[in-house]
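Taken straight from Swiss-Prot:
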- His22, His24, Glu169, Asp298: divalent metal cation 1 binding site (BINDING)
- Glu169, His201, His230: divalent metal cation 2 binding site (BINDING)
Amino acid sequence: MSTVQTVLGSITPNLLGRTLTHEHVALDFEHFYRPPPPDFESELKAKISMSTLGYVRLYPYSSKENVRFYDEEALEAAKKDILLYKKHGGGSIVENSSYGLKRNLEIIVELAKSTGVHFIAGTGHYIHAMQDARNASLTVEQLSDLYSKDIITGLEVNGKMVKCGFIGEVASVYPIHDFEKHCIKAAGEIQEVLGCGVSMHPHRVTKAPFEIMRLYLEAGGRADKCVMSHLDRTIFDVDELLEFAKLGCYIQYDLFGTECSFYQLNTSVDMISDGQRIDNLMKLINEGLVDKLLMSHDIHTKHRLTSYGGHGYHHIYTNILPRMFARGVTVEQVEQMTVTNPANWLAFNP
(Lines of atoms letter the chains of each structure in order from A; the text may use other names.)
(Lines give C-alpha, C1' and ligand atoms only; values in the text may rest on other atoms or scores of the structure.)
Protein backbone atom coordinates (compact mmCIF):
# COMPACT_ATOMS: atom_id res chain seq x y z
CA MET A 1 0.00 0.00 0.00
CA SER A 2 1.29 3.48 -0.89
CA THR A 3 2.00 5.85 1.97
CA VAL A 4 2.91 9.49 2.52
CA GLN A 5 5.43 10.39 5.23
CA THR A 6 4.30 13.36 7.30
CA VAL A 7 6.35 14.76 10.18
CA LEU A 8 3.98 12.98 12.60
CA GLY A 9 4.11 9.62 10.81
CA SER A 10 2.94 7.78 7.70
CA ILE A 11 -0.59 8.15 6.37
CA THR A 12 -2.42 6.89 3.30
CA PRO A 13 -2.49 9.39 0.39
CA ASN A 14 -6.29 9.76 0.52
CA LEU A 15 -5.99 11.45 3.95
CA LEU A 16 -3.99 14.42 2.64
CA GLY A 17 -6.97 16.38 1.35
CA ARG A 18 -6.29 19.62 -0.47
CA THR A 19 -2.54 20.16 -0.49
CA LEU A 20 -0.22 23.11 -1.05
CA THR A 21 2.88 21.60 -2.64
CA HIS A 22 5.39 24.43 -2.20
CA GLU A 23 5.34 26.50 0.97
CA HIS A 24 7.60 27.57 3.83
CA VAL A 25 6.62 28.14 7.45
CA ALA A 26 10.09 28.88 8.88
CA LEU A 27 13.27 29.70 6.95
CA ASP A 28 16.13 32.18 6.64
CA PHE A 29 15.91 34.17 3.40
CA GLU A 30 18.41 36.90 4.33
CA HIS A 31 20.81 35.77 1.59
CA PHE A 32 18.47 37.46 -0.89
CA TYR A 33 18.42 40.80 0.90
CA ARG A 34 18.84 43.70 -1.52
CA PRO A 35 19.92 47.20 -0.42
CA PRO A 36 16.93 49.56 -0.54
CA PRO A 37 16.67 52.37 -3.08
CA PRO A 38 18.18 55.53 -1.50
CA ASP A 39 14.87 57.40 -1.72
CA PHE A 40 13.09 54.77 0.41
CA GLU A 41 15.91 53.68 2.71
CA SER A 42 14.35 54.96 5.94
CA GLU A 43 10.95 53.41 5.18
CA LEU A 44 12.45 50.01 4.37
CA LYS A 45 14.68 50.01 7.44
CA ALA A 46 11.73 50.83 9.70
CA LYS A 47 9.50 48.23 11.33
CA ILE A 48 6.79 46.95 9.00
CA SER A 49 3.59 48.93 9.62
CA MET A 50 0.68 50.38 7.68
CA SER A 51 2.82 53.41 6.83
CA THR A 52 5.71 51.32 5.45
CA LEU A 53 3.85 48.32 3.98
CA GLY A 54 3.50 49.92 0.55
CA TYR A 55 7.28 50.23 0.27
CA VAL A 56 7.77 46.64 1.46
CA ARG A 57 5.34 45.34 -1.14
CA LEU A 58 7.29 47.13 -3.88
CA TYR A 59 10.72 46.11 -2.53
CA PRO A 60 10.10 43.00 -0.38
CA TYR A 61 13.74 41.90 -0.36
CA SER A 62 14.98 45.30 0.83
CA SER A 63 13.41 44.97 4.28
CA LYS A 64 15.56 42.89 6.61
CA GLU A 65 12.58 42.35 8.89
CA ASN A 66 10.61 40.95 5.95
CA VAL A 67 13.20 38.34 4.93
CA ARG A 68 13.72 37.15 8.51
CA PHE A 69 11.04 34.50 8.31
CA TYR A 70 12.13 32.69 11.45
CA ASP A 71 11.64 35.00 14.44
CA GLU A 72 8.85 34.70 17.00
CA GLU A 73 6.62 37.22 15.23
CA ALA A 74 6.87 35.34 11.93
CA LEU A 75 6.10 32.01 13.56
CA GLU A 76 3.02 33.36 15.35
CA ALA A 77 1.78 34.94 12.11
CA ALA A 78 2.40 31.72 10.16
CA LYS A 79 0.48 29.64 12.71
CA LYS A 80 -2.48 32.03 12.52
CA ASP A 81 -2.54 31.68 8.73
CA ILE A 82 -2.20 27.90 8.82
CA LEU A 83 -5.32 27.79 10.98
CA LEU A 84 -7.07 30.02 8.42
CA TYR A 85 -5.88 27.64 5.71
CA LYS A 86 -7.45 24.73 7.57
CA LYS A 87 -10.68 26.69 8.13
CA HIS A 88 -11.00 27.26 4.38
CA GLY A 89 -10.53 23.61 3.43
CA GLY A 90 -6.78 23.03 3.53
CA GLY A 91 -5.57 19.60 4.56
CA SER A 92 -1.81 19.41 4.01
CA ILE A 93 1.25 21.60 3.42
CA VAL A 94 4.51 20.51 1.81
CA GLU A 95 7.32 22.44 3.56
CA ASN A 96 10.13 22.94 1.05
CA SER A 97 12.88 24.36 3.29
CA SER A 98 16.07 22.35 2.73
CA TYR A 99 19.72 22.50 3.81
CA GLY A 100 20.89 26.08 3.34
CA LEU A 101 17.50 27.61 4.20
CA LYS A 102 17.86 26.60 7.86
CA ARG A 103 14.92 24.20 7.86
CA ASN A 104 13.36 24.06 11.34
CA LEU A 105 11.84 20.63 11.90
CA GLU A 106 10.97 21.43 15.51
CA ILE A 107 8.70 24.27 14.38
CA ILE A 108 7.16 22.17 11.59
CA VAL A 109 6.34 19.37 14.05
CA GLU A 110 4.85 21.84 16.54
CA LEU A 111 2.65 23.38 13.84
CA ALA A 112 1.46 19.95 12.71
CA LYS A 113 0.49 19.04 16.27
CA SER A 114 -1.14 22.36 17.15
CA THR A 115 -3.09 22.96 13.91
CA GLY A 116 -4.08 19.48 12.76
CA VAL A 117 -2.73 20.19 9.27
CA HIS A 118 -0.54 17.46 7.77
CA PHE A 119 3.03 18.66 7.13
CA ILE A 120 5.48 16.92 4.82
CA ALA A 121 9.11 18.00 5.31
CA GLY A 122 11.82 17.85 2.67
CA THR A 123 15.48 16.97 2.54
CA GLY A 124 17.91 18.21 -0.10
CA HIS A 125 20.12 21.25 -0.62
CA TYR A 126 19.46 24.83 -1.67
CA ILE A 127 21.93 26.71 -3.90
CA HIS A 128 25.69 26.33 -3.37
CA ALA A 129 26.11 29.94 -2.19
CA MET A 130 23.97 29.20 0.89
CA GLN A 131 25.86 26.10 2.05
CA ASP A 132 28.47 25.90 4.79
CA ALA A 133 31.86 24.36 4.01
CA ARG A 134 30.88 20.90 5.27
CA ASN A 135 27.76 20.62 3.12
CA ALA A 136 29.41 22.19 0.07
CA SER A 137 32.11 19.51 0.07
CA LEU A 138 29.74 16.51 -0.01
CA THR A 139 30.08 14.07 -2.91
CA VAL A 140 27.17 12.57 -4.85
CA GLU A 141 27.52 9.38 -2.79
CA GLN A 142 27.51 11.31 0.50
CA LEU A 143 24.51 13.38 -0.60
CA SER A 144 22.64 10.22 -1.57
CA ASP A 145 23.39 8.68 1.82
CA LEU A 146 22.20 11.83 3.61
CA TYR A 147 18.92 12.07 1.68
CA SER A 148 18.27 8.38 2.19
CA LYS A 149 18.93 8.65 5.93
CA ASP A 150 16.65 11.68 6.34
CA ILE A 151 13.82 9.75 4.68
CA ILE A 152 14.34 6.23 6.03
CA THR A 153 15.70 6.91 9.54
CA GLY A 154 14.76 10.53 10.08
CA LEU A 155 16.24 13.26 12.25
CA GLU A 156 15.96 13.54 16.02
CA VAL A 157 13.60 16.25 17.23
CA ASN A 158 13.04 16.45 20.99
CA GLY A 159 13.91 12.79 21.47
CA LYS A 160 11.78 11.48 18.58
CA MET A 161 12.76 10.62 15.01
CA VAL A 162 11.06 12.77 12.37
CA LYS A 163 11.20 11.50 8.80
CA CYS A 164 11.30 13.63 5.67
CA GLY A 165 8.69 12.80 3.07
CA PHE A 166 10.33 13.96 -0.17
CA ILE A 167 13.56 15.42 -1.58
CA GLY A 168 13.32 19.17 -2.02
CA GLU A 169 13.57 21.82 -2.69
CA VAL A 170 16.75 21.04 -4.63
CA ALA A 171 17.87 24.45 -5.88
CA SER A 172 20.35 25.58 -8.50
CA VAL A 173 21.63 28.68 -10.26
CA TYR A 174 22.46 28.86 -13.97
CA PRO A 175 24.87 27.77 -15.27
CA ILE A 176 24.37 25.03 -12.70
CA HIS A 177 27.16 24.87 -10.10
CA ASP A 178 29.02 21.55 -9.80
CA PHE A 179 27.77 21.08 -6.23
CA GLU A 180 24.19 21.65 -7.40
CA LYS A 181 24.68 19.09 -10.17
CA HIS A 182 25.76 16.61 -7.49
CA CYS A 183 22.56 17.35 -5.54
CA ILE A 184 20.35 16.85 -8.60
CA LYS A 185 22.09 13.58 -9.45
CA ALA A 186 21.81 12.36 -5.85
CA ALA A 187 18.10 13.18 -5.88
CA GLY A 188 17.64 11.15 -9.05
CA GLU A 189 19.56 8.18 -7.66
CA ILE A 190 17.62 8.07 -4.37
CA GLN A 191 14.28 8.65 -6.08
CA GLU A 192 14.89 5.56 -8.19
CA VAL A 193 15.60 3.48 -5.07
CA LEU A 194 12.96 4.81 -2.66
CA GLY A 195 10.18 5.87 -5.03
CA CYS A 196 9.81 9.22 -3.24
CA GLY A 197 8.79 12.57 -4.67
CA VAL A 198 11.35 15.22 -5.66
CA SER A 199 10.95 19.00 -6.00
CA MET A 200 13.35 21.13 -8.06
CA HIS A 201 13.98 24.88 -7.88
CA PRO A 202 15.32 26.22 -11.21
CA HIS A 203 17.16 29.48 -11.76
CA ARG A 204 15.23 32.30 -13.42
CA VAL A 205 16.34 31.30 -16.93
CA THR A 206 14.22 29.39 -19.46
CA LYS A 207 16.97 26.83 -20.14
CA ALA A 208 17.40 25.92 -16.47
CA PRO A 209 14.41 23.54 -16.02
CA PHE A 210 15.40 21.59 -19.15
CA GLU A 211 18.98 21.13 -17.90
CA ILE A 212 17.83 20.08 -14.43
CA MET A 213 15.55 17.42 -15.87
CA ARG A 214 18.33 16.11 -18.11
CA LEU A 215 20.65 15.61 -15.11
CA TYR A 216 17.88 14.12 -12.98
CA LEU A 217 16.66 11.66 -15.60
CA GLU A 218 20.20 10.58 -16.48
CA ALA A 219 20.72 9.75 -12.79
CA GLY A 220 17.73 7.40 -12.84
CA GLY A 221 14.97 9.59 -11.42
CA ARG A 222 11.39 9.13 -12.62
CA ALA A 223 9.86 12.11 -14.38
CA ASP A 224 6.40 11.40 -12.94
CA LYS A 225 7.76 11.79 -9.38
CA CYS A 226 9.46 15.14 -10.03
CA VAL A 227 8.02 18.63 -9.60
CA MET A 228 9.53 21.61 -11.40
CA SER A 229 8.80 24.59 -9.19
CA HIS A 230 8.42 28.30 -9.98
CA LEU A 231 7.57 27.88 -13.65
CA ASP A 232 5.32 30.94 -13.49
CA ARG A 233 8.50 33.08 -13.19
CA THR A 234 10.75 30.95 -15.40
CA ILE A 235 9.03 29.90 -18.64
CA PHE A 236 6.65 32.64 -19.75
CA ASP A 237 5.84 31.39 -23.25
CA VAL A 238 3.09 28.76 -23.18
CA ASP A 239 4.43 26.99 -26.28
CA GLU A 240 7.81 26.59 -24.56
CA LEU A 241 6.02 25.37 -21.46
CA LEU A 242 4.21 22.76 -23.55
CA GLU A 243 7.56 21.65 -24.94
CA PHE A 244 8.94 21.32 -21.41
CA ALA A 245 5.84 19.37 -20.35
CA LYS A 246 6.83 16.60 -22.79
CA LEU A 247 9.53 15.61 -20.29
CA GLY A 248 6.75 14.27 -18.05
CA CYS A 249 7.31 16.04 -14.73
CA TYR A 250 4.78 18.09 -12.76
CA ILE A 251 4.32 21.71 -13.87
CA GLN A 252 4.04 23.84 -10.74
CA TYR A 253 2.64 27.36 -10.61
CA ASP A 254 3.56 28.28 -7.05
CA LEU A 255 3.70 32.06 -6.86
CA PHE A 256 -0.02 32.73 -6.56
CA GLY A 257 -0.47 35.96 -4.64
CA THR A 258 2.79 37.45 -5.94
CA GLU A 259 1.68 40.37 -8.07
CA CYS A 260 4.27 43.12 -8.32
CA SER A 261 5.27 45.83 -10.76
CA PHE A 262 8.98 45.22 -10.09
CA TYR A 263 10.43 41.74 -9.54
CA GLN A 264 13.60 42.28 -7.51
CA LEU A 265 15.04 38.80 -8.05
CA ASN A 266 14.96 39.14 -11.85
CA THR A 267 14.67 42.76 -12.92
CA SER A 268 14.71 41.87 -16.63
CA VAL A 269 11.22 40.33 -16.57
CA ASP A 270 7.72 41.33 -15.53
CA MET A 271 6.11 39.04 -12.97
CA ILE A 272 2.81 37.70 -14.27
CA SER A 273 -0.44 38.31 -12.40
CA ASP A 274 -2.77 35.77 -10.81
CA GLY A 275 -5.14 36.32 -13.72
CA GLN A 276 -2.38 35.40 -16.17
CA ARG A 277 -1.51 32.35 -14.07
CA ILE A 278 -5.13 31.20 -14.30
CA ASP A 279 -5.17 31.78 -18.08
CA ASN A 280 -1.96 29.78 -18.55
CA LEU A 281 -3.19 26.91 -16.41
CA MET A 282 -6.42 26.81 -18.41
CA LYS A 283 -4.40 26.58 -21.64
CA LEU A 284 -2.43 23.67 -20.17
CA ILE A 285 -5.66 22.01 -19.01
CA ASN A 286 -7.07 22.34 -22.54
CA GLU A 287 -3.92 20.60 -23.82
CA GLY A 288 -4.73 17.58 -21.65
CA LEU A 289 -2.19 18.28 -18.90
CA VAL A 290 -4.48 18.60 -15.88
CA ASP A 291 -2.88 15.50 -14.32
CA LYS A 292 0.52 17.27 -14.35
CA LEU A 293 -0.43 20.60 -12.75
CA LEU A 294 0.18 21.81 -9.19
CA MET A 295 -0.61 25.11 -7.44
CA SER A 296 0.90 26.87 -4.43
CA HIS A 297 2.10 30.25 -3.08
CA ASP A 298 5.77 29.77 -2.01
CA ILE A 299 5.30 32.07 1.00
CA HIS A 300 8.76 32.96 2.32
CA THR A 301 8.50 36.58 3.48
CA LYS A 302 6.40 38.14 6.22
CA HIS A 303 4.50 40.60 4.04
CA ARG A 304 2.59 37.72 2.45
CA LEU A 305 1.06 36.68 5.78
CA THR A 306 -2.26 38.23 6.83
CA SER A 307 -0.79 39.71 10.01
CA TYR A 308 1.42 41.81 7.75
CA GLY A 309 -1.26 42.74 5.22
CA GLY A 310 -0.74 39.72 2.96
CA HIS A 311 -2.94 37.01 1.44
CA GLY A 312 -2.00 34.01 3.60
CA TYR A 313 -1.90 30.30 2.80
CA HIS A 314 -5.63 30.19 2.00
CA HIS A 315 -5.42 32.62 -0.94
CA ILE A 316 -5.74 29.96 -3.65
CA TYR A 317 -8.82 28.42 -2.05
CA THR A 318 -10.66 31.65 -1.24
CA ASN A 319 -9.63 33.92 -4.12
CA ILE A 320 -8.22 31.88 -7.01
CA LEU A 321 -10.46 28.82 -7.28
CA PRO A 322 -13.68 30.89 -7.49
CA ARG A 323 -12.14 32.82 -10.40
CA MET A 324 -11.18 29.54 -12.07
CA PHE A 325 -14.70 28.17 -11.68
CA ALA A 326 -16.09 31.39 -13.15
CA ARG A 327 -13.88 30.90 -16.21
CA GLY A 328 -15.03 27.35 -16.81
CA VAL A 329 -12.64 25.12 -14.89
CA THR A 330 -14.57 22.16 -13.47
CA VAL A 331 -14.70 20.85 -9.91
CA GLU A 332 -13.11 17.61 -11.14
CA GLN A 333 -10.20 19.49 -12.69
CA VAL A 334 -9.60 21.49 -9.50
CA GLU A 335 -9.72 18.32 -7.40
CA GLN A 336 -7.16 16.77 -9.75
CA MET A 337 -4.74 19.70 -9.31
CA THR A 338 -5.20 20.27 -5.57
CA VAL A 339 -5.90 16.77 -4.21
CA THR A 340 -5.09 13.93 -6.61
CA ASN A 341 -1.87 15.22 -8.18
CA PRO A 342 -0.23 16.12 -4.84
CA ALA A 343 -1.17 12.71 -3.43
CA ASN A 344 0.21 10.87 -6.46
CA TRP A 345 3.46 12.85 -6.29
CA LEU A 346 4.01 12.39 -2.54
CA ALA A 347 3.08 8.69 -2.36
CA PHE A 348 6.06 6.38 -2.08
CA ASN A 349 6.07 4.12 -5.17
CA PRO A 350 9.27 2.00 -5.24
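Note that Cβ sites are derived from N, Cα and C of the backbone, with glycine treated the same way.
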Sequence-distant neighbours of Asp298 (divalent metal cation 1 binding site) in its chain (C-beta under 8 A, six or more apart): His22, Glu23, His24, Asn96, Ser229, His230, Asp254, Leu255, Thr258
Neighbour tally for Glu169 (divalent metal cation 1 binding site), based on other Cβ positions within 10 Å of its Cβ: 26
Winner by Cβ contact number (other Cβ atoms within 10 Å) across the binding-site residues His24, His201: His201
For His201 (divalent metal cation 2 binding site), the three-state class that DSSP assigns: strand
Packing count at His22 (divalent metal cation 1 binding site) (other Cβ atoms within 10 Å of its Cβ): 27
DSSP three-state assignment (helix, strand or coil) for Glu169 (divalent metal cation 1 binding site): strand
For the divalent metal cation 1 site built from His22, His24, Glu169, Asp298, further residues of that chain with CB within 8 A of the site's CB center: Glu23, Val94, Asn96, Ser97, Ser199, His201, Ser229, Asp254, Ser296, Ile299, His300
Chain-mates of Glu169, His201, His230 with C-beta within 8 Å of site centroid, divalent metal cation 2: His22, Asn96, Gly168, Val170, Ala171, Ser199, Met200, Pro202, Ser229, Asp254, Asp298
Local Cβ density at His230 (divalent metal cation 2 binding site) - other Cβ atoms counted within 10 Å: 23
